[in-house]
Amino acid sequence: MRRKIIAGNWKMNGDQDLVRRVAERAADSAGDAELAVCPPYPLLAAAASQLPFGVALGAQDVSEYDSGAYTGEVSASMLLEAGCRYVIVGHSERRTLYGEDNGRVAGKFVAARNAGLTPILCVGETLAERDAERTESVVGEQLDAVMDAVGGATFQGAVIAYEPVWAIGTGRTATPEQAQAVHAFIRQRVQERDAGEIADQLPILYGGSMKADNAAELLAQPDIDGGLIGGASLDPDSFLSIYNAAAEG
């Protein structure tokens, strides 16, 4: 059985006080699920020193380069040295706001994997792509770009997060059944291209506004193995409520 993962993506939010409050609440997170926190770069050191044992640290982005004259970039080896286990790559906001295409996302995935980090690859379709019935085409291309770059056993030891971009800030919501359908497609695509046993063990997280009041229903779906939590991860009580839903499921 796949172990569920609840990862908090703070985006460009948070401060030293939030690190302290989340660390205090995370001390109550004993359970079968894994808890991870991905704060902004300047808060990584504080989080690494304060998060209780068993709570993983992650970063929100990584450079595809190992070192060099790349002002503002942070390499995978630097994140590893800072105490990170996870790193998010290909988040919809990076793709949309900063023009990161599938090729660049694949490069970041490879860099993270080669350094010993666990990449959380984000995939998902926009509202226009959803309405044009291109969900599987778009998500498939995003997955294929990474599998083409890595070769065999691409997702061994990795994580995927499905972001229904069409249901974020659009007034439309994804039902648990709609989310499950895409998660099942992702697992099937990896099974076809990578390996069956890797696909069976691959954690696929839901990144579409999972909250305390809908977490249990989403996590009950057979191919939803946790959540990449945005806004709710900034509220320690809500974040731990989602974690508890995963740990008890």
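Each Cβ is built from the backbone N, Cα and C atoms, and glycine gets one as well.
Take the substrate site that Swiss-Prot assigns to Asn9, Trp10, Lys11, Ser209, Gly230, Gly231: the candidate from Gly31, Gly169, Gly196, Gly249 listed for it is Gly169. According to DSSP, Gly231 (substrate binding site) sits within a helical segment. Cβ contacts within 10 Å of Glu163 (active site, proton acceptor), excluding its own Cβ and spanning all protein chains shown: 26. Within 10 Å of the C-beta of Gly231 (substrate binding site) we count 16 further C-beta atoms, all protein chains included. Ranking the binding-site residues Asn9, Ser209 by C-beta neighbours within 10 Å puts Asn9 at the top.
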